[in-house]
Amino acid sequence: MDTLRILKGHGTGNDFVIVPDPDGSLDLPPAMVARLCDRRTGIGGDGLLRVVRSAAHPEAAAMAEEAEWFMDYRNADGSVAEMCGNGVRVFVRFLVREQLVAPGAVAVATRAGVRHAVIGADGPDGPAEVTVDMGPARLPGPDGIVVRVGERSWPARNVNMGNPHAVAFVDDLDHAGELRTAPTVTPAAAYPDGVNVEFVVDRGERHVALRVHERGSGETLSCGTGACAVMVAAARRDGLDPARSGQPATYTVDVPGGRLRITERPDGHVEMTGPAVIVAEGRIDPDWLATG
Ligand SMILES: N[C@@H](CCC[C@H](N)C(=O)O)C(=O)O
């Protein structure tokens, strides 16, 4: 690799290094991803979005007819994740900016399947928000999940948005402490591949706020899949189930980096709407790459 074009983007403060690689020709081992995501010695990011044509990637080739582009998402530690909600909005923003797709309906292949997004034209008030059909939530259980931080513990709900989440309702977001290390979640068997943990408080009617500790990235300013998991957990707690009532349920979910609007539809699909921003673009110094 002599040089590498990269961009930097974020969605509600969840930030990503974007690596265009249409032909899927780059070798991006976990150590290189971690170097690029390092906030002091690299570009810095909660994760990395590699932009690859679905047909050029073995994990996405089967989705190529439905979605031309594959979001190869990696966490900041280099680990692979199935899905990233903020990431998919930023990914769509990137595709439109590069004129790789037209504004409007955009399908994106992910490891959790194809996700369908809608992005409008930018207006006088700034860039259009992006809405993504995040698919249905699964609530696989078991009962009795507990999240612990230091001396405190809370019951939690297992919500899967393509990736795993433990959602704990708490009295005060500060009670989760510094979150420098991952909360302990038991039983461990509920999450064989690790877990993202959300701490949630109520802010008003159908309005909640969260903090999140992400698998592979630590505490972040936002998590789109986490916000969707939180919305569904809050709806069930509040006695709402659109699949049974036939009525959609919409919640405002505040994250440390902004605000997302999440709707669960009667068909069970969860829609997320929020901003997606491209911050910068440039090239990685070939010497830096070579000394990895
Ligand atoms: N920040 C993302 C989620 C990224 C993946 C997650 N850390 C995992 O390992 O599942 C989002 O916005 O959803």
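Indices start at 1 and increase along the chain as displayed.
Backbone N, Cα and C define each Cβ position, glycine as well.
TrEMBL annotations: computationally assigned, not manually curated.
Record features, source TrEMBL:
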BINDING   Asn14, Asn75, Gly85, Asn86, Asn163, Asn196, Glu214, Arg215, Gly224, Thr225  substrate binding site
ACT_SITE  Cys84  active site
ACT_SITE  Cys84  active site, proton donor
ACT_SITE  Cys223  active site, proton acceptor
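Secondary structure from DSSP puts Gly224 (substrate binding site) in a helix. Among the recorded positions Glu214, Cys223, Gly224, the ones whose Cα sits within 10 Å of the Cα of the residue listed as 'active site' are Cys223, Gly224, in sequence order. Within 10 Å of the residue listed as 'active site, proton acceptor', as judged by C-alpha distances, the binding-site residues found are Asn14, Gly85, Glu214; the full candidate list was Asn14, Gly85, Asn163, Glu214. In the three-state DSSP classification, Asn14 (substrate binding site) falls within a strand.
Neighbour counts were taken as the number of other C-beta atoms within 10 angstroms of each residue's C-beta; across the active-site residues Cys84, Cys223, the minimum falls on Cys84. Sequence-distant contacts (6 or more apart, same chain, Cβ under 8 Å) of Asn14 (substrate binding site) comprise Asp46, Gly47, Cys84, Asn86, Gly87, Thr220, Leu221, Ser222, Cys223, Gly224, Gly257.
Maximum C-alpha to C-alpha distance over the listed substrate-binding residues Asn14, Asn75, Gly85, Asn86, Asn163, Asn196, Glu214, Arg215, Gly224, Thr225 is 16 Å. Listed in chain order, the extra residues whose Cβ falls within 8 Å of the Cβ center of the substrate site residues Asn14, Asn75, Gly85, Asn86, Asn163, Asn196, Glu214, Arg215, Gly224, Thr225 are Gly47, Ala81, Met83, Cys84, Gly87, Val212, Ser217, Thr220, Cys223, Gly226. For the recorded site, Cys84 (active site), the DSSP three-state label reads coil. Using a 10 Å Cβ-Cβ cutoff, Glu214 (substrate binding site) registers 28 neighbours.
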